[in-house]
Amino acid sequence: MGENQTSVTEFVLLGFRLGPTVQMLLIGPFSLSYAFTLLGNGAILGLISLDARLHTPMYFFLSHLAIVDIAYACNTVPQMLVNLLSPTTPISFAGCITQTFLFMAFAHTECLLLVVMSFDRYVAICHPLQYSAIISWKLCITLAVIAWAYGSFLALVHVVLLLRLPFCGPHEINQLFCEILSVLRLACADTRLNVMVIFADCVFVLVAALCLVLVSYTRILFAILSIQSREGRTKAFFTCSSHLCVVGLFFGSAIVTYMAPKSSHPEEQQKVLFLFYSIFNPVLNPLIYSLRNAEVKGALRRVLCKESQS
């Protein structure tokens, strides 16, 4: 560390380095996606809380997924919109580290929630008679607490390792928000330990979680193929395939970002991949998991009927 190096107190997020006209055009789609994320997931939370018929383990986990999606969007999208409006607006060092922690905490929590939800569907389809005995409310609450606590703990480990590093310049982060790999590139010290911990995290959490989800849906697929009714088989297969699309987008973009070899333009490609986390996935989750569901549609009709009668 040279004596002429000064400590960085704020960062500038470069975002999409496009022309002013293109950046202004992106504000519309980003704002709409943000609004749909808040409205869609907020509607799911409202329906689940208002309708007693949705007070089941499946919708309990869906409500937690909706909370994670809302938190995702609120943590990253407003900063993206600010950068599009004013690309040189800085973010404080403390604000950047906080955003990094929250992003990683919500990412780990969603990863674990998707595993829990796939297990819930596996038991419901493959062992319907034993569902109530296996998926008890005590187990549901325990799994939800573990997902949130473990996700926050892993994020805290990464942030603690990040804070031990000195940041002496430059202060420009070539990313849409304060993502840990992009922040690490600005550290003026050896970051091999951080990179090793991130890779180990991906192997033991991300890859392991994906394997568990695939095992659950493989067993579900075999159970679907044994359904006698062609209509029931088609409906169940369509539902599971749509779930797998969402799971594939989430895990696929994460694995490519954190585990794939670096390409010639890694940062620019990562910006597009991170849009799946902050914009596309939070919009798709309520559409795929909830709003297309007949029970949710019925709950919406009942709530609207009560409102019209009152």
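Including glycine, each Cβ sits where the backbone N, Cα and C put it.
Some features that TrEMBL has for this protein:
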TRANSMEM  24-47  transmembrane segment
DOMAIN    40-289  domain 'G-protein coupled receptors family 1 profile'
TRANSMEM  59-81  transmembrane segment
TRANSMEM  101-119  transmembrane segment
TRANSMEM  139-163  transmembrane segment
TRANSMEM  193-215  transmembrane segment
TRANSMEM  236-260  transmembrane segment
TRANSMEM  272-291  transmembrane segment
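Segment contact holds for the transmembrane segment (236-260) and the transmembrane segment (101-119), given three or more CB pairs below 8 angstroms at sequence separation of 6 or more. Simply put, out of 139-163, 193-215, 272-291, 272-291 has the most Cβ pairs sitting under 8 Å from the transmembrane segment (24-47).
For the transmembrane segment (59-81), the partner stretch with the most Cβ pairs below 8 Å, chosen from 101-119, 139-163, 193-215, 272-291, is 272-291. Each of 101-119, 139-163, 272-291 was scored by its Cβ pairs under 8 Å to the transmembrane segment (193-215), and the highest score goes to 101-119.
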